[in-house]
Structure formats: structure tokens, C-alpha cells
């Protein structure tokens, strides 16, 4: 009863407390034994009704009255507490609402104790929690029991609970009393506690322990959400219950008496006063039907008097109850200003109404609910024992600072708490940002979200609607408010939070957002609480307790293995230590059992229960002893280690681009942390532990809150903010507030900065240490997580990608039409239904095996169940073993990582040249194969053998380096091979200068061996030369020279910074007192020098760092330095520097995102195998130093750059995206036409390369793409691609005729020789060595091998493999060039170093080499920046620098300059010529058509090409032809239209038939035809537009093929339905063929160009099939005539002293015989003294004048003043002129008269011989006038001596044969010279001027087809006598020799050339008429 307790009351306003003694038996007050109301003496008690008055004898100060107290008792539902009301005239009034004042026992319990306590902050009252009916269900985590409690009061026995129990346990065995209240509520520390103890025999489950329940009430801080009562201990019926509730806070925190709650006092802000009604109609609500006479109408007001007199005129009536019939009116409550807010409930209480029959005064309770959009009215909710409840929705109930709804979910016995996700303004945390999975480019948005709370108005969310819980920022839209608590979904375990009442959407509805939260388990780690050699101690009562966590106590007196120990004089183990933790709903428990025996009858072993509870501020915390119940010991431990990790922000959005980045890189506890070593100081190496998005996983010695820890520093920084965007795909993480750090005497805190750089498609890498300074550690991290999030739509829904490794687990191959079956529990399971399937790794289970794991419910007895869990074992989900591709050996570093293919790439397909076998191999390097149909699982290699896929090995080990520098990788444990072995793979990598492709070498037992010669296997070379630095991984050299010469300014605050890269700043920008160059300068009014020019460029982990040092002194101790960090940004060309910060030690830091720091590394497999023994390898076309420049339309301004199987090589300042493999330059715009996406494929006989994902096309939907069709042509050793079609400026198609596209075949030959069919014959006979070679074993030096080449050795044994490096197997050799016995030889290559030259050892890397006659070759040109244009002369030139010191000026080095000048003509690439050496510069001139601007002219079906100076006529191909393709037929009329009228006069028409229906489609008409000549393809491209629909278009590529005749078109693979392309090989489109007719050998020059005739072909006739022709001609002699002087018609020969007068030869003569094919006839006037005939007015002064018969045409073709005379046996006169050559404007006309001594000819007459291609007119003059110059007769074969002269055309046979031979072999139209393999023919013509040693050749007719027609014959020439040895001169050099691509010229023909130093111009060389002898052949 109340009289049994001491009661207290408080006057809160005056801070006065009272203690009351109600009865004599009551406990004494603090004023003493006799005080009834402290502190006054008890004298008299007066009871009047329910009022008790206490009078004292003590006078009240200032009054004649004594102190008095008056307590008014009123009926209440609980025992209640006395409440102070007021004090007046020394009378203190109290009010006490209690069930004892009620008339009936309705509310009287079986047992109740006082439920309040006083603390420092005031009264704590739990009376509102007391349940009059029912009770509270405790959350205990056990679904088999229910545990109910009431507060301070026994439960109403409605749950079958025993009467009087306040705690009740209900199990399947019944209900048990677990305790009743015996003592009142206590305040211990800051928590409230009450204990219940059961009386009577304990249940059996309690092990003879008396059931005891301890309930602890905890006041949450800062209005954080509470929780329902939760069981935290329950051993041996000792129950510990914890309840976090705001009712446990002091009451003043909960209540208000003015209808307002304020932030200052209540931590919330609510004001209900606007709801107060003044004189208006009162609020009203009906308890039932409005018109029912039994219903009640309630009149209400808020915080004021109700505006009606229905219940009286009392001014305090706020709730009035009126029966509808009008006969009952009751006051339902009076305004006493009591507003209560607790645990999310806002309640207004009106007590003191009219009494009910029980004596209880009616009370009204209004529960206000937040609704921003409804200004509602009260709604009657119900009545209980004269208490009336109302609900009222109103915006005034909305909490203005924190939401009032619970953020937890109770689902039966499952509790879900979302409050850790809530972000509060006080947390200094940002809102959650939502990943936009499908961003709209046209309307991008950012989404901000909070959980159970409105958006925080910070950062990007500033400006969001104030009450929005989720907001879209663009147009700033509220997507919903937090108006309802979260709910559990009906299906599954998801939690759904619905935000409603957002902004208005369409149709006047409001936006709502559904947020679904899915369970993601997390773990707790209490290991940091473990003290390895210690304990925690505490004292309770007479005992000391020692405790350890998950480990034994090491106190001296405690028993061994004890995890807890009790001690006084003796010690007892309270349980053996273990580490088995249990967790439920935030409670972690650790139980120690098997302790020391207890002294009871059973000698029970002691046990300990430690309950760990979350307290974020507690840190490690400490244990608190709760109680001992005999042998059970309970401890409670509050620690932050029991708190779930508060999520860190890992998502960030770029506010400019709205690109989002997600750094979800956190490692699970099983994976540990990211580790990185600082090796900068070998004596003090440091290890860092790093985690992201959460603190580090526990490490001994590291702070658990730290995100970075270093072994010597427990906390290197804590995550306090989200990622920071530094730029596109570049982020920064800052971890601050680490441990204390001292830097230069200043106290700081350790900080960590991590710079994250996007690295797509790479194997997961960790952070890399960069630098530590000023207490800040900096790391660089290349990761996919730093790449902007991109959402792609993938139809392959059966795959998943590991975000850390990028490895794709693809289960698509497991798809089965029939499903998988398994039997279990007597049923058949078929996985076509919906089940849960867990996939587990099993490397030997292929493709997979299904087993049943768990069955929960059976719905059909004989077949299938729905609720079942299966396990599917398959190798497809095996995680690949991580291996490193970076290895070191013998001081060299190797890196094969660029050969690793990821899932976006194609696997490597090794070349298999062994035809006839059905097999195909796939391999990868250092990581598993990308998805391959027949090769499931993370395999390293796979073979498809006879149509079946075989596992050839898993990746299990890293590469190994052999002693010879080769690298090998072994993949093991493949499929079963034979009875006891398994397949394995060995890949041997060898260093080469090309990317190369893998090649299948052999099978060694069950091991497949592949050999791969590649540049990736070469040792990494580190270079640092003149603003260049090399990436040690790829060998790629970064060149920053293009940034030189510019002063870059950066403004930051008041300072302007100037930077110059690799050089000094202009002096006027930053002046210095001396001439020292300054590279970095800070300007603030006056200049400030920062750092000098001494620079150091280094490359560290993906960043280029430029350091400037030795600057001015700052702070008296530091020297200013500058660091510029260059990072890759493909979009910046070249970008600009950005200031970062200035460090305390005066280091100025800048970042510079630029494309110059990017490495193009995108590659793909470059080989193809058809699985039938045919392999193709395009790797030789992959360029690593430059790119292919495709041929396109003539005159077009665009430039197309292409690489093969890899990205373009970045070139200087260009702007092609680094990822592009095809790029177009149009004016200043660079457009990506596609990236490498897949390996080559085969379509018919065409190899196709497809590049996709280029720049977005004009339609805004597609992306540019490139298709390269590569076609085999063995004659095209060195060609380039040609553009043949462009569809809608989006799809580009190139055609490439090349020998590289021909299939590779193994070639075997005898005689130690073998021939590459497309290039060269290799002869290894010279390697044969008597006795062989001795080779030492690299591992066992005592072992050696004897090896020989092409010869036997004396002994033979096992098979071994050796490598032999020799120049004899090098392909593509350069030519040796000599001129004379004393002059040097020069060797030149264009745009790349020279290829190996036999017998000439030019320095490595030289592009221009001089080989003097008396010394070793020297380098006179090596490095170049490429071709340039001289704007003044419009000439192309290349300058090479060298490291060779100039002999004439040692201060200089030699350089070489080649000037290219234009010379048009048919297929002449020209030849270089050394002009002079001047000032250490070798100057060369190269006349070539390749630098001539090209143009074409089209007229009808005729195409004229200016570069070739030739007109093609396609009219002969106009007849209609047909091409069939499946169901369609294409009709083609090249220059007209097809006959079918349905084709609408199309030139190309497709006709398709389907049944009786015929469909025609026009692919273009001739009126819209364009024609162009493709020099590279030697083809004419015609394109037809104006087709149907797309519109369709078509292209025909006419390719010259002399053997094809008229030919016919073939359809090429289609790239698009809107375009078709045909290839038409025909001899009718072949241009005339020309050859270089100038040879150099043995220091002598031979020039046959003079024999090339444009006027008349050489002719001969002879019957028979074979000829042996001996030919002696002056033209085949070295060009070295002796020039003589002629004065007044007399010639003087200085060497012999001979003087000869020309006599009559000196005067006028006339030559004829020039009759052209068009009928034009010319005569020539010749007068060596100069023409004086006035009738030839235009010829006056000339030596030779050309006159056209029957026309007025006159032209000087020889000027007398410039004539030169040469003697070499006979006399030659060279006469230049000033007349321009009509065919080649850069050439001038010249004439040559060849005088021959013929004694019988008399004076003779000049004869016109021919006009050469170079506008040189040749005349022959047989005369006896020059015989005086001849001293010896010429000797011919056979010993006969005769004059070599030939008189006129009367010597028919010899002349005709000579002319015919010239026509066949020299520079004209002979088909012999067209085929590439016969190009060597003309080069066989050697020094045939050696008397008696003629060169003989055999010509044979070779039939080309079975008909053997004359038209189908070719001439085969064989060398019958070995000529002098010299290197062949051909086009077949390596493609990397390059292309000159400056200005619009065709430059593909410039390759390696040799040349000699020319003394004479080619125009001045003498040509003699040959003598020819024919002999019948004796050869077969």
C-alpha cells in the first residue's frame, strides 16, 4: 500500500523538494523521525473526503500561520505519485492520482510499487508505461517462448500467467511466474532499474535458481530512436532486460505546460498554440453515428477553453462530452497545459473531468499525428475507463527538427532498426546520394535521400523542399516526405520505407517514393578487447573479479584457462575462456563455462555470461558486475566495439557532369584490409592497412575507428567525409583526425590522402604509396571504382562481375532446355521451377552437378516442391588464383600485364600452321580466359580438339624467367590426359621488337607448348631523356616536349604562378638578378623566384612527376621546390596545370591532367584460326611507334588514322582519343571511329576487323564504327588500307589488300634453306661448323651439349631445344649502295631506323648511315620529329639528328636533311640523291611523286589521275553482269543502267525473289556516280548514290589484275543493309607499269632510264620458245664520262692531248624519223654552233630545235650556251634547254647526241632515236668525223674485234632484237615485271661492261592457263650466269618504315633506299645504242 513507502514531490518552478510520511508506519523523511512533510513537525492530520491536511506548529516566516500541507487524492489507474501543485499563504498543495482513491477496485492490482525516481535533473516517472491490461512482449530472439513483463505492477492474468507475476514466461509446457516487484524503481547512475523476484519453488529449467528479472531503463540521447524491451541475459532464469525509452528521461524533458516544446529544453520544436480556437465554433467529434441518440458529441479546444457552455462556464473546460439526445453533459477534461512527447508520440492530456462511477475523473487524451497537407479535426478513437482518446492529423504536430516516427519495424519477434542510417544535422554528415541507374542525358538529376528523417539542407541538397525526405535536384522536386514508419514486406525479409506526399505529379497526384532495404549481414570483432597478457578487474562486495575477452586471465592467483576469475583470499575460475560469440538484435554475448565447482550439493561448475552492448562513445569500455545467483555470474559491458559500423559515404556525384562514382571497395573481415608498403627508407620500412567505406578490419595495435593504420601509428586518419572529385575519373579520399603527430615542433594529427584514378578492365590493384610529409601520407590508387558509373543493358542476364577483380562469372553455358534433375527425399526435383540455387566451386564437376541441400515444405508428394534450396557444383564459379605478371630476374624487370585479356576482350588465339588437324587453341596471360563457348570456368588455356573443348590448365603460378631471358608460364591441372596425367600448358615468351602473336609449337606428352615472340617479353627499360620518361611496365615513352616553349599561368588567390615545362620562363615574366633560368615563378606585384631549371622527370605508379629544385630560401631553412603531377586525361589536349597547395616546407604542388600522360594499351588478339589448320596472323600490321594513314578520296581534306588490333599510337599534339583504334581528322576536329573490341573474324575469304564504340554519330543514337576488310594478296608486301565506303558519316569501311592476310603454312625445303612465300629465302648453310657448337646447360654448368646446324654431329641422344640468334633469319633487308672506289656509301630509311644490312654494320638506331671507304659506318641521322613542310618553298623535308661529332666542327654533331620534291609519273617512287655536305649537314634531295598533290578528273566513264598522268576508261566494263548472293541477285552496269525496268535505271540493282513475288532495290544510279583512283590498292573506286530507302548506296572497287582479263565482280562482306561493296579484278584497269631504272653497285652507278621510249616501242621477232641473249650496251656501264672542252668547233682531250675539229658536224643538219602514234611528225634542226637561220625565228640561238610538220609548232630542245661534251670511247653531247617539260612541270627539256665512229659512214646524218619519259630527246649520229678520238678497238666474246657501231636501221636484226629486249626488261609495259616475285629480274643486270664476262639470261614462255593462248603467256627470265652479288632492291620492307603524311600527298612508297654521292645530274648521263646477240639455247 502507499503508506509503506516514502513519497516525494517537487516544486519544479522553485526548485523545492518535499518528502512525505503518510502514516506512522511510513518510512521517515529526511527531516527526521517525526517529520510528516519535510521539514516540519507532524502535529495533526485531518482527513476530509479525499483530501488529507497536515498541520505543523512551526510558524511560517512573515506570517501568523503555521506551515501546512494539503494532499488531494484523486482516482487514477496506477499507484501514481504525489505532484506538487502550488504554495499559497504557507500552505503547500499536492495532488495524487491513485487507484486507492477510486470508488471501485477496477484498477487495483495484485502488486504494484512506486514507479518514479528523482535524479539530478528532476523526476523520472515510468507511470505512463504501466499497463492496466496486458503487458509487454520482450524481444528475446527465441521463437519457442514468449516473455511478458509489466512495469512496477503485476500483470493482469489474461495470458494464463500466474496471479501476481510481473514477469511471465510462456512456453509449450505452460506459463511460469518469473518474478513480482518487491522494491520500488531505483535510479542508478543515469539509468532506472527495477527488479522482480519470484517466490516459491523455481521451475526445473532454472536449475534450482530463484527466477529474478532485472529491467534497466535507459534514456536515449538527442532524441534518437528508442527500442522495445530486449532480453540481454537469461541463464538459469536470471533475466536481464534492457529498455531504451524516452520515458526514462527526466520528466521535464518530456512535458510542457504551455503547449510548446522547444529545442533548448526538449530537443525538439513543436507549437500547438495555432490550433487554439478563439471565439469560433469549437472542434467537435462524434463517438458513434452522428445521428444516433446514443452517440456522444465531444467539444474540444487545444490549450484553451472550449467555446461552448454545454458543460458549464468553467474557464478551464477544454473537453466537453454531450450526448446526442441532450440529456447528459459531462466535463471530459480541463486545460492544465500538459503536453507530453515521448518515443515519437505527441499527446495532449486534459484531466480533472467529471467523475465516473468508479470515482475516476474523466480524462481526454489527444494524440497528434504529423500530416503536412491536412489541417484536420479531432477524430474519436475510443474510450477506456472514462479516458477518451482522439487522433488528430495536423501539420503543427510535425517535428520541425527531427521526425517523430519510429525508424524500426517489429515483425512478430523480429525487430529491424534503420536508425543507424539516419543522418542528423548534428552529425555533420551529408545526405545519402542515390545512384541513378538510368540517367537521362537530356534531363540529368541528382537524388538526395535521408532515412526516417527529412533532407539535411547541406551541400548539393541545399534548396530541397524543407520537409522532403528524398529530393531530386535539377528542377528541385520533392519525391516524398517521411510520414509513415517503415514496414516489412509481405514476401521476403525486405524492409520498405514509403515516402509520400511529394510534389504534384501528373493528373494532380503527388509523387511518392518506395525505398526497399535489403539485409546485408555484417560482423562484429571483439578481438581488440582481448588482453593477451592481462585482464580487466573490478570489485563488487567482498570480491575482486578478473575478466578477459576471448582469452584467459593471466592474474597470478587465477586458475589456468579461466576467462573470468573471482578472488578474495582464494580464487575461483568462473569459466574457461573461449571465443564463441552469439548475437541477437544488437546484443553480443560471451559465455564461459566449466569453471570451479560451487559449494552446493551438486558441485555445479561456475559459469559466466558477459553481455556486450553498444555505446558509441564508450570506446573499449569496461565490464560491470550485475549479480551472482549462486554459481552464475552476469556482467554487462558497454563498448563501441558492439556497435554496428555506421556506414561511411562511398558515393559521390560530379556536380558538373553528374557522373557518379561508387568506392565500395571495403574488404570483408575474411579478406582483411588493403596492404601497402613504404619502401622509401630501406632501414625503416612501413606497412599500411587501409580500408574504404568503413574502418579497417581489426588489426592488433590499430584504432578500430581508423580507416588507415600504420604499424607504428594506430590511427592515420578517420573517414569524416565522402570522396572528393578532383576531375573526371579522379577522386580523392581524405582521412583526418588521426593520432597526434609532431612536425617541426608543431602538434598536428596524422592525415591520409588517397588519390584514386580510373583504371577500367584491370586486375584489382591496391593503393600505392607515394610520399609522406608533414604528417600526411599520400597514396595513389588505380581502380575501376574510380571510373564513372555506367549502366549497360545486357541480354546475357546469367553473368555477374566481381567488382574488385573484374572477373566475370558467366553461367550462360549452363542453360538447358530440359533443366537439371536430382532426386532427394523420395522426390524428383526439376530446376525449371523457382528455387534457390547456391553455386559452389568444383573444378572437376563439368559442366555441373545439382544436389538438394534443404527442403522446408512439400506441396506435391510425388514430384516437385517450391521451398527448397539446392547446391550446384561447377567450375564456372571458381575464383581464379591471383598471380602477378610483373617479375624480376638478374636485375631486369619484366611485365606481361599488357597481354592479359579481360572479359571485354577476345582471348588470344595461337597460330597453328600445322594444317589438316581439326583443333583450335585459346590462351590468356596471368588471368583466366574471357568467355569462350566451349571453355567454361576460369581456365588459363583451352583447346577445342575435334570439336570438343578441353581444359588445358588453370592459372596457378606466376611467370618465371629463364637464364636466357625467356619467360615461361605453366598452367596445370587441366582435364584428364591418358590414365594418370592431366593436360597442362607452357607458354614461352621471347623478346622481339614487335607485338607478335602466340604460336603453337609442339605437344610434349600431355603438355601443350606455345612460343610467343613479343616486345612485351623484353626487359623494361627506364629512360629519362630531355623531357621524356618511360613507363617501366609497358615501355611506353611519355614525351612532354610539346609543352615546351610556353609559359603557363595559374591564378590562385592573390598569387599568379608561372610554369615552364622542361625549360626556362621568359625573362620578362620572371626576371632574375643573374642569367640562371627559372622554370617556376610566383608573382605578387614583384616577381618571386621559386625553383630553378634543374629538373627531374620521373614516373611513379601511373603519374609523371616533374620536380624543380634549388629555388629561393624560405623560412630561412627550406629551399623552394615545385612538383607538377601529370595524370592521364584523354580529353585534355594538352590540358592545363592546376594549383593544389603549398606545403609548410615551401613545396608548391600542381596537377596537370593531360592526354600526354595516357598510355594507349587497348589491344586484342591479332590472329585467327579456322580450326582446320589454317591460321592467320595480323600482328605484323600492329604499329607501336606510329599509325597507318589510310588512303581516301582524292583531294579530300580528311585524314584517317588506323592501327591494327590495338589502340592508336599517340602522336605529339594530336587529339585522337587514346582509346580509339580508328580516328578521322577533319580540319581541326578529331573523331574516334571506334575502339578495339574483338579479334579478327573470317567472312568468306576476307578477314574482318571491327572497331566499335566511337564518337556518337549525328543521329545521336549510334556510335561510329570501323570495319577493315583484309584480303590476301601475296604481291602486296607493303600496302595500306583504303577507305571504300562511308554510311551516314557513322559506319566506315576500309579495304586492305595485303600479303599479311594470307594463311600461314608450314614450309619445308631441302638444302638447309626455306622460303617465306611472301618475302625472302633464308639460307642457314653458312652456320654449318666443323665439330659443331658447344652449349652449356644454364642450370647445370657441368653439363654441355654439342649442336650443329645443317650437319651431323658425332653423337645423338634425347631431344633438346635451343635458340640461335642470327641475322640470317632476319626478314626485310636494306640494300648496300656503292658509288665508286673512294666515295662513301649512304643508307637511308624514312621515319624509322635502318633495317639490318648485310656486311655493313651501321650503328643501331641510325636512319641515315654513311659507310666511308676507309673506316667503319657512322651514324649521321637517327632521331627525328617527322616530316615537316617548308612554308616558303612548299617542300616536304625530314631532318635527322645524330650523336656523331662533326669532323669539321667538333662543337656540332652531324645532321641529315632530306628534301622531297614532286615528280609525277606512273608508279615511280623516285630515288634520293646526295647534294652536298655543308656546315655538318648532309643535304639530300629525293624527287618522287609521293609528295605531289593528287587530283582526279572524271568525264563519263573516264578517270584521269594527275599523279599517274594516266586516263582510265571503264566503258569496256559497262555490259550488264550478275552477282548472286543467297536469295538475291545483283545486276551491275558499271557506266550505264541495268535493263530491268523495275530497277529504275540503276547501275546496281538487287533483285530478290520469294515465290511469285519479286522485289527490286536500287543501290545507286550512274548519274550520281563518283570515281576515284586508290594508289595503294592500284584500284579505281566507283560509288553510286541515289538508291532506295536508306538511301542505299553501292561501291565497286576495280582492282588491277593483269591475269584476270575482263574479270567479274564479287560481293564483299556487308557492313550494313544500306550499302554493298563489290570487288572487280580486271586487266582493263591496269595502268602502265614503270620501274626504277637506276642501279648502284660496287661504288658504281648504272642508269638505264634513257632507254625508256615514249615514241616507239622496241621490237623484235623470232620463232621459238627460248632465247639466250647476250647484250652489250654502254647504258649498262657505270656512269662516269669524262667531260671535255669544245672551243670554236675544236675538241681538246687533256688526258691524251688529242685535238679534233668537228668541221662540218659543227654546222646545220636535219634529223627525221619521229612519227608519233597519233600521226604527228617532227623534224629536228641541229646546229652545234647555234641556229642562225632567220626562217626559224623561234629557234634562233638553239643547238637543237623541234619543228612539227604542217604546223607552226617550234620549240628549243637544246641551247648552245649550255652544251657539254663527254668522251668515253665515243663522243656524247648533252644539250640542256630552258623549255619546260609538258608532262612534268618541274623538269626541263634536254637533248643528247651520241656520235659513233663509223669510218664507212662519211659525214653521216643525225637520226632521231627516241624521247624518254623525262623529256630527253636522243639522237644517234654515225660518222667518221670523230674516229680520231678512238684509240682502241672494243673486244667482244669469241675474241673477235669489230667496231660496235650500228649504221642506221639497215642493221635490222641486231637493232630489232635489242629494242625488243629493252621492251621486255627495261622500264616498260612487260608483264614480266608486274608480278612481285619477278621484281628482282631487272636488278640482275650487273656490271656487264666487263669485257669477256657478259651476263646471259634465258627467257621462256610460261602458259598461264590450259588454253595456252598467246595472250595468256608470260616471259620467265632466269639467270644463267651468276652476277655480282649485291642486295636486292624491292618494296618488301617492314611496314614500319613509315609513310610521309605531311600535306595531301601519297607517301606510302618511301622505304629504305641506298644512294651514292652524285657528281652529275641524271640529265647529263650518256646513253649508247646497245649491241645485241642472240644464241640458240641449249638449256632445257
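Indices start at 1 and increase along the chain as displayed.
Even glycines carry a Cβ here, placed using N, Cα and C.
The domain 'MRH' annotation in TrEMBL covers 1-104, 113-251, 257-400, 517-645, 648-789, 883-1020, 1025-1160, 1164-1304, 1310-1494, 1506-1632, 1635-1829. Here TrEMBL flags 1852-1874 as transmembrane segment.
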| said: Going by DSSP assignments with H, G and I as helix and E and B as strand, what are the residue counts for the domain 'MRH' (648-789)? | reply: 3 helix, 63 strand, 76 coil
| What counts of helix, strand and coil residues does DSSP assign across the domain 'MRH' (517-645)? | 6 helix, 57 strand, 66 coil
| message | Cβ pairs under 8 Å only, please: of the recorded stretches 517-645, 883-1020, 1164-1304, 1506-1632, which one is richest in them relative to the domain 'MRH' (113-251)? | response | 517-645
| request: Summarise the domain 'MRH' (883-1020) by DSSP state, stating how many residues are helix, strand and coil. | output: 6 helix, 64 strand, 68 coil
| note | Across the domain 'MRH' (257-400), DSSP yields 10 helix, 62 strand, 72 coil
| Mean pLDDT for the domain 'MRH' (1164-1304), as a whole number? | 86
